[in-house]
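S.K.: Okay, so TrEMBL annotates it like this:
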BINDING   18-25, 86-90, 140-143  GTP binding site
DOMAIN    9-278  domain 'Tr-type G'
Amino acid sequence: MKSFNDQIKKRRTFGIISHPDAGKTTLTEKLLLFGGAIQEAGAVKSNKIKKSATSDFMEIERQRGISVATSVLAFLYKDKKINILDTPGHKDFAEDTFRTLTAVDSVIVVIDVAKGVEAQTEKLVEVCRMRNIPIIVFINKLDREGKDAFDLLDELEQKLGLSVTPLSFPIGMGYDFKGIYNIYEKNINLFSGNSKKNIEETIAFDDINNPELDTILGNKAAQNLRTDLDLAMGVYPDFDKEAYLAGKQHPVFFGSALNNFGVRELLDCFIEIAPSPRAKKAEERMVEATEKNMTGFVFKIHANMDPKHRDRLAFVKVVSGTFERNKPYLHVRQDKKLKFSSPNAFFAEKKEIVDISYPGDIVGLHDTGNFKIGDTLTEGEELHYKGIPSFSPEHFRYINNADPMKSKQLYKGIDQLMDEGVAQLFTLEMNGRKVIGTVGALQFEVIQYRLEHEYGAKCTYDNFPVYKACWVDPEDPKNDEFAEFQRIKQKFLALDKQGQSVFLADSQFSLQMTQQKYPSVKLHFVSEFE
Ligand code: G4P
């Protein structure tokens with residue numbers, strides 16, 4: 001039996017983030033192969049929603065079903081328990097990804113060698129950097145022609161603000177791709193293009209000046225590699241584990257996920273350097289993973305696929321202590337004790353009932369409407385985990401009841417969908433009209449469809465041109481400036497679901513003017529601020 005502390009040390013809970021199509025799904029699948037968690041490639045279904053599927057509701061439903069199964073993928077590798085948390089790459093679901101990032105202890109960022117840093121990666125990495133989440137970068141698709149390795153490393157620094165240090169280096173690329181020199185392990189892995197091979201044989205090279213290198217790679221490639229490595233060693237600092245763990249240095253690996261090449265190197269290094277579950281900040285205090293009392297928080301809620309069973313699955317990240325089946329826990333927001341007779345754990349692509357889960361693990365709890373995102377569970381302590389903020393939505397529409405006989409159903413549906421974090425609801429202070437804000441246009445269709453199929457309610461939308469929602473934070477709620485702000489801007493003020501005041505700016509210009517006119521009224525794009 002492993003001790004409690006050993007259980008914590010063996011866990012690695014992380015997310016893989018990328019711009020769609022960079023290779024996140026392929027990499028995930030290859031990682032699972034190493035854990036023996038799946039037998040063949042192709043078993044991890046991509047849960048990306050292609051553009052063409054925008055109005056194909058069945059597709060959306062199907063995708064939602066798939067993403068329940070792949071929300072958490074766990075496997076054992078070299079005695080480490082690896083928990084991969086899925087993060088949707090589609091930009092309309094970015095908020096889902098931001099929330100999932102509150103539950104990871106580190107991330108791997110996948111970059112397409114030909115496309116370099118893409119828009120979605122920039123946004124996601126920014127969130128990770130803000131939270132000092134340790135990041136490893138995997139540059140993928142080396143079997144294709146792409147950008148020069150140094151240019152890519154530069155791009156990572158310039159566009160993502162990372163302080164990189166390569167831990168492997170490509171030998172050639174595309175047609176001339178010969179393999180990878182592993183700086184971390186000091187060996188060479190030759191590219192065979194055979195994706196079936198699980199473990200590639202490597203050739204140890206402590207000294208790259210060894211003439212043996214010319215025999216293996218050919219003179220030109222060997223010489224190029226020596227020059228490249230010389231330059232890389234000169235420009236980039238040595239790997240420093242502490243700096244990586246503090247989110248201040250970012251190791252980079254190269255490879256080809258599709259060919260399962262360079263993936264083993266990534267995984268072996270990852271389990272060695274990536275953090276085990278870390279302490280987490282609650283409003284009241286820091287909570288160490290090693291504390292005996294269970295604490296955890298809900299970071300994701302997934303609706304049941306079957307409309308007849310409206311129960312949902314709430315995903316709880318265990319932060320400290322052990323989560324045990326049938327033990328009562330305090331639902332802090334509702335101030336009530338709840339027991340769970342069938343908590344789910346996730347293994348490979350399956351979920352199964354577990355008796356005990358440890359810090360770093362994700363537990364799936366069946367829920368009939370008790371939970372919302374951000375809720376904390378404890379053994380009795382009044383604790384509130386921080387860091388699941390809402391961001392300003394990008395799209396806003398009035399929502400109208402299209403079937404007056406079903407208004408109860410409509411409001412219940414809206415309420416529950418908002419708790420799931422599908423979108424945000426704002427109520428205009430002036431007239432009580434309800435406005436839905438989403439990250440992507442796709443969500444409006446999802447909401448309409450789900451209201452009808454799961455709650456039997458119908459809705460329509462009206463346009464409401466809003467540029468940004470800003471959470472209002474007056475320096476002094478009693479001063480005249482704030483009173484004037486409230487009076488003049490009355491038409492644009494709303495309450496979010498938590499009852500926080502929000503200013504709905506209709507243009508960038510009016511936002512700037514408002515900020516200038518009322519400097520003591522701070523406007524934030526994020527719902528949580530210090
Ligand atoms: P995502 O989850 O980040 O969106 O990307 P995904 O893994 O689905 O990969 C996107 C496409 O890139 C897939 O091709 C996949 O096969 C390909 N790919 C992934 N890794 C590599 C690699 O190392 N080399 C090359 N050449 N291609 C790679 P697709 O045609 O869009 O899909 P599929 O029909 O192959 O599934």
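Glycine is no exception: its Cβ is also placed from the backbone N, Cα and C atoms.
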S.K.: Mean pLDDT, the domain 'Tr-type G' (9-278)?
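M.R.: Mean pLDDT across the domain 'Tr-type G' (9-278) comes out at 83.
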S.K.: Taking DSSP as the reference, which of helix, strand or coil describes Lys24 (GTP binding site)?
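M.R.: Going by the DSSP assignment, Lys24 (GTP binding site) falls within a helical segment, counted as helix.
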S.K.: Filtering Ser18, Asp21, Lys24, Thr87, Leu142 (binding-site residues) by proximity to ligand 1: which pass a Cβ cutoff of under 6 Å to any of its atoms?
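M.R.: Result: Ser18, Asp21, Lys24.
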S.K.: Might you list, by sequence position, any residue in that chain lying six or more from Thr87 (GTP binding site) with a Cβ less than 8 Å away from its Cβ?
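M.R.: For Thr87 (GTP binding site), the qualifying residues are Gly15, Ile16, Ile17, Lys24, Asp96, Thr97, Thr100, Leu101, Leu124.
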S.K.: What is the total of other Cβ atoms whose distance to the Cβ of Leu142 (GTP binding site) is within 10 Å?
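M.R.: Within a 10 Å radius of the Cβ of Leu142 (GTP binding site) lie 25 other Cβ atoms.
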